[in-house]
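Residues or ranges marked as region 'Disordered' in TrEMBL: 1-71, 295-322. Residues or ranges marked as compositional bias 'Low complexity' in TrEMBL: 1-47. According to TrEMBL, the domain 'HhH-GPD' annotation covers 108-255. The annotation [4Fe-4S] cluster binding site is assigned in TrEMBL to Cys257, Cys264, Cys267, Cys273.
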Amino acid sequence: MTPARTAAEKATPAEATPTEVSSGRTASGKSASKKAVAVKTASKKASPGAAVSKKTTTAAPVPPRNESHTALVRRARRINRELAEVYPYAHPELDFENPFQLVVATVLSAQTTDLRVNQTTPALFAKYPTPEDLAEANPEEVEEILRPTGFFRAKTKSVIGLSRALRDDFGGEVPGRLEDLVKLPGVGRKTAFVVLGNAFGRPGITVDTHFQRLVRRWQWTAETDPDKIETAVGGLFPKSEWTMLSHHVIFHGRRICHARKPACGACPIAPLCPAYGEGETDPEKAKKLLKYEKGGFPGQRLNPPQAYLDAGGRPAPPLGTG
């Protein structure tokens, strides 16, 4: 399962074989023979390592030829299985202890990193531990706490608003139904599925920017609307796998399959990826692009969380499930 093999397979349709050259031979057999040699020489020069440089831009990936829906399902599920082996401890990287903290932290994570949110929420929850407390908070004081997360005025309005809704409409408890969660200020389907999957153990697909980018690269769907992506990808997997699928894909997008410089040469699923070659294919150069190799970037952990190790190497269960 090496990237080099995949690149060679992709190059095959563009390479003329000796049989193909001889089939077009005219009276001049020698000329055709020279063409065959020329084609072979050109194909050797176009090796994966030599073809990719820092300044090289590649064409958009070509869809797998004649891939049936059944073949797509098999490929998608195999990718998920491979990612599950690479990221067995995949989890939401926001710190939280209860559903209220999770919904607030997820709202705050918009347009910033999980690390930044995790640096901010301890002070917020120490001062306002319950929906009732945050509902009565002075907006200016909350804004000061949330300032490091960016867009702090809008986020203050959202978290105070959702806290009031929880207090007034749900008895101070975070609801466990999608239709109720999306009624809360600042909560859309993405946030709702994060809460449902990780606080209540109810399956959901989290379509964030990483998820959108990767499923399109893998050609699981051509949709661009998050709701349509959710539906299309959900149809490829059993519902029971949706939450962990989301974690696997997001982990991979943050660590290896980056937006601008994907580390194709270090990717464990390169043989299954139609977009292989969009990024650096040289293994040694690709390793330098792995964000967790450098000690962790914002929102990314170098090592499995302690909760994962304490659980004997199993992902922590959703809140309230033991």
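In case you wondered, yes, glycine gets a Cβ from its N, Cα and C as well.
The DSSP secondary structure for Cys264 ([4Fe-4S] cluster binding site) is helix. Look at Cys257 ([4Fe-4S] cluster binding site): DSSP puts it in coil. If you average pLDDT over the domain 'HhH-GPD' (108-255) in this model, you get 95. Note: Cys257 ([4Fe-4S] cluster binding site) has non-local neighbours His210, Arg213, Leu214, Arg217, Ala263, Cys267, Gly279, i.e. same-chain residues 6+ apart with C-beta under 8 A of its own C-beta.
Neighbour counts were taken at the CB atom with a 10 A radius for the binding-site residues Cys264, Cys267, Cys273; the maximum falls on Cys264.
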